[in-house]
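**Student:** Pasting in a structure now, in structure tokens, and then I'll have a few things to ask.
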Amino acid sequence: MASLYVGDLHSDITEAMLFEKFSTVGAVLSIRVCRDMITRRSLGYAYVNFQNMADAERALDTMNFDILKGRPMRIMWSQRDPSLRKSGVGNVFIKNLDRSIDNKAMYDTFSAFGNILSCKVAQDETGQSKGYGFVHFEMEQSATQSIEKVNGMLLNGKKVFVGRFVGRKDREKELGQKAKLYTNVYIKNIDENVNDKELYEMFAKYGTITSFKVMFREDGSSRGFGFVAFEDPEEAEKAVTELHGKESPEGKTYYVGRAQKKAERQQELKRKFEQYKIERMTRYQGVNLYVKNLDDTIDDERLRKEFSVFGTITSAKVMMDDSRSKGFGFVCFSSPEEATKAVTDMNGRIVGTKPLYVALAQRKEDRKAHLDSQYLQRNTNIRMQSIGPIYQPGGSSGYFVPTIPQPQRFYGPTQMTQIRPQPRWGAQPQVRAGTPQAAAAGYPNMATQYRNIGARAPVPAGQQAALARNAMVDRNVRPINAVQQQMPGAVQAGVRVPGPRGSGAGYKYTANMRNPPGQAQGMGQAQPGQPPAPVQAAVHVHGQEPLTATMLATAKPEDQKQMLGERLFPLIQRMYPDLTGKITGMLLEIDNSDLLHMLEHHESLKNKVEEAVAVLQAHQAQTQVKKE
């Protein structure tokens, strides 16, 4: 297998587009566009794996710098070992490039000196060249030769500099050494009437001056700054020490320091700004509040007044847009305790005509990171639902993910071998001749009676065979809260279908869904004028209120699962205490009628629990294999 790195890609490029592009040169094994782990946005590069080395070489030779969605692709061999890239061996830096020189033009120029691993011209956000680039040669000799030949040459009318690549840390270290030894001094806040001669006289007493200059505009007015170059670094340092911070005759404060290049100055300012942000964040941590959903009539004074009862306010500001409120603002307290009390009392309080939202203020970066973390956690929870949610007893709906539909369950090959096709995890009891189950499975005289029972909903043809295998002839395939609507003219009690162990003595039966023992088979329909049986059986679980079908049918769908889960939980806890929550959550995905059957027939419940444990063990084994 031969792997190519494809860089400088447009963010909309997908694996399918790259496959269509690269499959024209040979057999492609796989393509992967690298994406952000949280946002799933493309990082701008991909890896293409070819089956044959010759195909990869042909793609590198013929497709490098081809245009794809308006951008030239940059193709190179994939280097899995980062030590080659970080060593800097064979890496060359080129600057002062003409803006018209792109990756291909620079590649064509330097490829004459040897095999190139990577070639790139730095670009800004708009795709324009920044005037410098890098070429990484395979051999150090090629890099040395290119420096000797190209350094100082004219490329598109501009004299370029070509030298060894120096890492950022090494450059910063070198600049730090230079900062201690300097002779060129920069001075600003000069009075407008100061000329070159007066500037010289100001600095002459500190040492020998080699050059001096006040900067002027084209109209002859002073720009307020200038430069003085000393012969000795000690003289320059003395001038900076004594003049920096002094006042000019016009009352301005001089700034005197080492003269810096623009890039060095920007780097220093960036470092100071980052330090200022950290200090500011530390200072306002836990005391600055964000307030949104403000009424349009609320201004700074009203905002301060509403929050002043909680402590000392250092600042209160409503954000405005052309004298119109943006609907949010900030309140800063003097202590975290005051801010916490304000959040507790003011969040949700109606001020004006709107309820306020009050929370601790966050930086934009922190807020984005928090939202990304929530997004990742949400996706993780959805994926975990594929092996069953964890049931938490006592909560109103702890096993539901609000507003998120639960995904369809999928099993891998190792899991499918442990679970045979069954309708809704149905049990598979043995069928004996002469029983109602056997009649449904193949004895027409008994099956006819069951088909004539008015309380039974029609069963789809595709499920009849599965229902017969599982001996669940009397199972209602509709939602449990629709049971009473299906039975306008039928009694709630019908023919009882015994479980695998016969009569099922010792268990309670609900009249709606399971018929109590001892009922006659001829009572499928009520006689005209005959009232329905008033007594309704219930499922009893130790420590729980008896559960009847009427209670279940009149409850909300989410409450139905909660009621069933509270009765399943203690039964499952006796079998697998460590996996109770997970197994209960898995079983709660089954239809309510099946759950009632499990509560009535503990053997069926035991079979389902064993199947759930097998699925969990298979999933854990598969996860362990992936980690290894």
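Even glycines carry a Cβ here, placed using N, Cα and C.
Note: TrEMBL annotation is automatic and uncurated.
Computed from a predicted structure; not experimentally measured.
From TrEMBL, for reference:
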DOMAIN    2-80  domain 'RRM'
DOMAIN    90-162  domain 'RRM'
DOMAIN    183-261  domain 'RRM'
DOMAIN    287-363  domain 'RRM'
DOMAIN    544-621  domain 'PABC'
**Student:** Tally of helix, strand and coil residues over the domain 'RRM' (2-80) according to DSSP?
**Tutor:** 19 helix, 31 strand, 29 coil
**Student:** Mind looking up the mean pLDDT for the domain 'RRM' (287-363) in the predicted model?
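**Tutor:** When the pLDDT values over the domain 'RRM' (287-363) are averaged, the result is 90.
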**Student:** What are the helix, strand and coil residue counts for the domain 'RRM' (287-363) according to DSSP?
**Tutor:** 22 helix, 32 strand, 23 coil
**Student:** In the domain 'RRM' (90-162), how many residues does DSSP assign to helix, to strand and to coil?
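**Tutor:** Once the DSSP states are binned, the domain 'RRM' (90-162) shows 22 helix, 28 strand, 23 coil.
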**Student:** When secondary structure is assigned with DSSP, how many helix, strand and coil residues does the domain 'RRM' (183-261) contain?
**Tutor:** 22 helix, 28 strand, 29 coil
